[in-house]
């Protein structure tokens, strides 16, 4: 009798675990901007690599679905999600009130502070007095673009938007920009620590404004995909709890990227 009860309990447990993901599609198409190392980029072989990619693959594994990564310009990600060309966004997408009017988000993936970079020795600071008359590059469709347009542009700062982050760095290095505003970690790991960024440094402290930058980044999802949102949250919670998240993060960062 005890053996029968144990066997039944195990069967019920397995059935429950399987049914929790039963409503999910077999394949989940995840959109990402591959110009944002170390979160999302492509290696020499054209494979998707980065912390966002590792997180997405691990969550899909736990959800028992196949991940298909779709490269996209950043500002096309939310329109593609709403048009059902992709099923989710994992691309350093900050959770903001404005975006939550359009789409749903998972729980926080990691923190996301923003910061200016400029040539080493430059006196530029993230203030109106310092930036007036200067050319500042931002990623099109990003929270940094929204912030710069609404707080700096009308005060005489030339805010220049680019389709991808690599173009921002390229024009900064070529001297066509005086500074660039982007995610702090992406700037540090994807530019300042690379050969192309050797003559540049952070300019001033982090730019903080919850209205524009939110409380961190998350998986972007359609509002009517409640099952998929719940599945991502469940998988994320598991990998945070069992230490997998910290192990993956250490591959890229020497600090607490999750934040408070």
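Glycine is treated like the rest: Cβ placed from N, Cα and C.
For reference, Swiss-Prot has these:
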| type | residues | note |
| --- | --- | --- |
| SIGNAL | 1-22 | signal peptide |
| BINDING | 33, 91, 92, 94, 99, 143, 183 | L-arginine binding site |
| BINDING | 33, 91, 92, 94, 99, 143, 183 | L-ornithine binding site |
| BINDING | 33, 92, 94, 99, 143 | L-lysine binding site |
| DISULFID | 60-67 | disulfide bond |
Which of 91, 99, 183, the listed binding-site residues, has fewest other Cβ atoms within 10 Å: 99
Nearest-integer angstrom distance between the alpha carbons (Cα) of residue 91 (L-arginine binding site) and residue 67 (disulfide bond): 14
Please report how many Å separate the Cα atom of residue 67 (disulfide bond) from that of residue 99 (L-arginine binding site), as a whole number. 24
In Å, how long is the longest CA to CA span across 33, 91, 92, 94, 99, 143, 183, which the record gives as the L-arginine binders? 17
Other C-beta atoms within 10 angstroms of the C-beta of residue 33 (L-arginine binding site) total 27
Among the binding-site residues 92, 94, 143, whose Cβ has the fewest other Cβ atoms within 10 Å? 94
Taking all protein chains shown into account, the Cβ-based neighbour count within 10 Å for residue 60 (disulfide bond) is 21
